[in-house]
Amino acid sequence: MRMMNTDEGMKKGEEKATVNLNAESSGAERTARIAEVERKSVVQTYTRQPILLVRGSGARVWDASGREYIDFVAGVAVNNVGHCHASVVEAIRQQAKELIHTSNLYYTENQVLLAEELKALTGMDRAFFCNSGAESVEAALKLARKATGRSKIVAAIHSFHGRTLGSLGATYKPMYREPFRPLQEADFVPFDDPEALAAAVSTETSAVILEPVQGEGGVHVPKPRYLRAAREICDDCGALFILDEVQTGFGRTGKWFGKEHSGVMPDAMTLAKGIAGGLPMGAMLAAESVSDVFKRGDHASTFGGGPLVSAAALASIGAIREERLVERSEEMGRYLRSRLSEEIDAIDVRGLGLMVGVELAANCPEIVNRARERGVLLNATSDHVLRMVPPLVVGRGEIDRVVKVLGEIQREP
Ligand SMILES: *Cc1c(COP(=O)(O)O)cnc(C)c1O
C-alpha cells in the first residue's frame, strides 16, 4: 500500500517508483536520471519542465528535491478541488476496496448517481461517460452526425477540442492538424463574431462547437450575447449546438459551468478535466431532444463511467458544493485579476473566475521558467499569453505570492 500522506509512506512510494533508477540518489540526480530514461522510453510528444513532481496538496506540489511550488497549472485545469483532496482520496480508497472496474454490460450505482448529479447541475438530460475531453468531443460529433445526417462542422479560430482524428478536425491550430491530413476539418470562423458564424452555418452543418471561454487558445471571453446568437443560428439551420466545457466546467469560471454566464442551453455539452478530482474521466451530456438518437450499440467505452472514477467524481462535486468553491473561484478570480492589473505591466488581463489569461509583451515561456525557479508553476499558451488556472481552493496569500514573483521577474534585467 502506498500512503502518500506520511513521510514514511512517501519514501516507500518513491523507492518503489525508482527501484531500478538508483533510489539512493539526490533529488537532482533522480530528476536528471528520469529525464534521461524518459527520452528513450516515452514517445517524445511533450516539452517538459525540468522538475520531477512527487506530491501535491491543495494548491501546492513538491518535487523530488523537496522544493515546494504554488501550482497555477493544476494539471491544466484539472485539480479544481486541489491536489489529493481528502474526500476524493477517501472515496477512491473506499471504492477501490469494493469494485474498481466491471463493464458497461452491467449496472453500477456510482455511474447512475453521477449522471443524476450532472443532470441536476447542468439542466441537460442524459450522460454518456468516457475517459477524456477528446473522447467527449468525439461522442458529441458522432451524435451530431447521426442526429442531422450531415457531416460539416463549424468551429472557432483559436479553438481547442482535442487531438483524436475527429476532435482534431475541430481544433484550430494549423500546426496540430497539418501533419495528419486528411481529416474532417471544420470551417473556422472568428470567435465572438455572430455575423461570421451566421455566414458559415448552413443547412449542411451538423454542428457548431464552441468553448464558453477559449482555454488553450489564450483565454478569450466572448460577450454573453455571442453564445445566445450561436444558439439561434443553430436552431435556424437545424444544426446541433455543442458547448465544449471540458476546461470551463466545475466552477472554473466562477459558475458551475461556463454556459451560465450567457444563460444558454446547448444540445450537447462535453466535460472532462475537472470532473473527477484528478482521475481521467469524460462525459458527453445531451438534451433529451437528441439523446435518443444514439441507439444501443451506437457508441461505447470500456472504461467509461466506471465505479472508481465515478466515486471520485461524486466526491469531487460534493467538495465543490460543500466548500463553496464555485463562489470562491469567482471571488479569488476577481482578486487575482485585480492584483495582476495593479502590479503587472500587462497588455491585457482577462478571464472569468479562476480561468485567467495574462497577455504580456515579454516572452512568456521564459517567464514560465523563471517563475518555476522561484517556486511558481505557470503555463504559457503562446509566446505572449500566460494562462492561470489554479485549484479553486487557492488562497489570497498564494495569489499574492504569485503576483509578487511575476512582478519581480518583470523588473529583472
Ligand atoms: C483539454 C481540452 C480538451 C481535450 O481534453 P483531453 O482530455 O486532453 O482529451 C478538449 N476541449 C477543451 C476545451 C479542452 O480544454
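The chain as shown is numbered from 1 upward.
Even glycines carry a Cβ here, placed using N, Cα and C.
Database features (TrEMBL):
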| type | residues | note |
| --- | --- | --- |
| BINDING | GLY133, ALA134, PHE160, ASP244, GLU245, VAL246, GLN247, THR302 | pyridoxal 5'-phosphate binding site |
| BINDING | ARG163, SER301 | N(2)-acetyl-L-ornithine binding site |
| COMPBIAS | 8-17 | compositional bias 'Basic and acidic residues' |
| MOD_RES | LYS273 | N6-(pyridoxal phosphate)lysine |
| REGION | 1-25 | region 'Disordered' |
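Features recorded in TrEMBL, as mapped to the structure shown.
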residue: GLY133; record: pyridoxal 5'-phosphate binding site; Cβ contacts under 8 Å, 6 or more apart: HIS161, GLY162, SER167, ASP244, VAL246, GLN247, THR270, LEU271, ALA272, LYS273, GLY282
residue: ALA134; record: pyridoxal 5'-phosphate binding site; Cβ contacts under 8 Å, 6 or more apart: HIS161, GLY162, ARG163, THR164, SER167, GLY282
residue: PHE160; record: pyridoxal 5'-phosphate binding site; Cβ contacts under 8 Å, 6 or more apart: THR171, TYR172, LYS173, GLU211, GLN214, GLY215, GLU216, GLY217
residue: GLU245; record: pyridoxal 5'-phosphate binding site; Cβ contacts under 8 Å, 6 or more apart: GLU211, PRO212, PHE257, GLY258, LYS259, MET269, THR270, LEU271
residue: SER301; record: N(2)-acetyl-L-ornithine binding site; Cβ contacts under 8 Å, 6 or more apart: ASN104, PHE128, PHE129, CYS130, ASN131, GLU135
residue: THR302; record: pyridoxal 5'-phosphate binding site; Cβ contacts under 8 Å, 6 or more apart: SER103, ASN104
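Checked against ligand 1, the binding-site residues PHE160, GLU245, SER301, THR302 give PHE160 as the ones with a Cβ under 6 Å from it, listed in sequence order. Counting other Cβ atoms within 10 Å of each Cβ, the recorded positions ARG163, LYS273 show the lowest value at ARG163. Around GLN247 (pyridoxal 5'-phosphate binding site), taking its Cβ as the centre, 29 other Cβ atoms fall within 10 Å, counting all chains. Reduced to three states, the DSSP call for ASP244 (pyridoxal 5'-phosphate binding site) is strand. The local packing around VAL246 (pyridoxal 5'-phosphate binding site), expressed as other Cβ atoms within 10 Å of its Cβ over all shown chains, amounts to 29.
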